[in-house]
Amino acid sequence: MARIEIDKMSKLLQVYFIMGSNNCTRDPLAVLKEALDGGVTIFQFREKGEGSLIGEDRVRFAKELQTLCKEYSVPFIVNDDVELAIELDADGVHVGQDDEGITSVREKMGDKIIGVSAHTIEEARFAIENGADYLGVGPIFPTSTKKDTKAVQGTKGLAYFREQGITVPIVGIGGITIENTAAVIEAGADGVSVISAISLAESAYESTRKLAEEVKRSL
């Protein structure tokens with residue numbers, strides 16, 4: 001198996017849904033199914049924070065979400081936990097700057113998809129040189145979902161990555177809504193990653209569909 005091609009990775013990032021059991025006010029599986037029906041292109045399992053599942057419950061829940069993603073042929077990515085990604089034979093893993101280093105992650109994951117959160121050009125270049133398939137850049141806007149976020153980058157911060165010659169696929173993250181999606185794409189992102197814009201929406205299906213429309217219109 002060869003590593004994913006840039007064009008394919010870029011398309012997969014269009015509507016990137018991130019979710020754990022504690023990001024929903026109703027059945028997470030129902031939310032994910034609606035989102036998949038609405039046009040999610042890639043999914044990340046992120047089970048963190050207050051009230052999150054641990055141990056066997058966490059693994060079982062991850063498998064349920066993974067099974068659903070497989071039905072839709074949507075890649076299933078695990079946040080941070082490389083060992084869980086290997087155990088589940090996930091499609092990939094996403095790591096932050098405080099998680100396991102990209103070099104050892106690439107060694108363990110083989111040719112699977114690896115995404116890395118980058119807040120500076122130096123972090124971005126290091127990640128790319130050591131095997132990142134895409135970058136998560138942000139937070140673009142203020143967000144309440146993550147408590148330990150870095151300083152808000154704004155769309156100017158995102159555009160700066162492109163101005164500095166970063167050509168790998170980029171997904172914008174942090175405070176992204178249907179209303180500000182166009183600005184994120186126009187600044188140079190290949191897609192948007194969201195949690196609450198889908199997980200807490202009245203209709204996960206409608207919200208995802210509108211996000212997908214905004215991305216396609218702005219690319």
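Including glycine, each Cβ sits where the backbone N, Cα and C put it.
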Among SER10, SER117, SER203, which residue shares the 4-amino-2-methyl-5-(diphosphooxymethyl)pyrimidine site with GLN44, PHE45, ARG46, GLU47, LYS48, ASN79, LYS146 according to Swiss-Prot?
SER117
Counting only residues 6+ away in sequence within the same chain, which have a CB under 8 Å from the CB of PHE45 (4-amino-2-methyl-5-(diphosphooxymethyl)pyrimidine binding site)?
MET19, GLY20, ALA62, LEU65, GLN66, PHE76, ILE77, VAL78, ASN79, ALA90
For the binding-site residues listed here (LYS48, LYS146), tell me which residue's CB has the most neighbouring CB atoms inside 10 Å.
LYS146
Can you give me the Cα-Cα distance between ASP80 (Mg(2+) binding site) and ARG46 (4-amino-2-methyl-5-(diphosphooxymethyl)pyrimidine binding site) in Å, rounded to a whole number?
8
Cβ contacts of ARG46 (4-amino-2-methyl-5-(diphosphooxymethyl)pyrimidine binding site) (under 8 Å, same chain, 6 or more positions away):
ILE18, MET19, GLY20, ASN23, ASN79, ASP80, ILE195
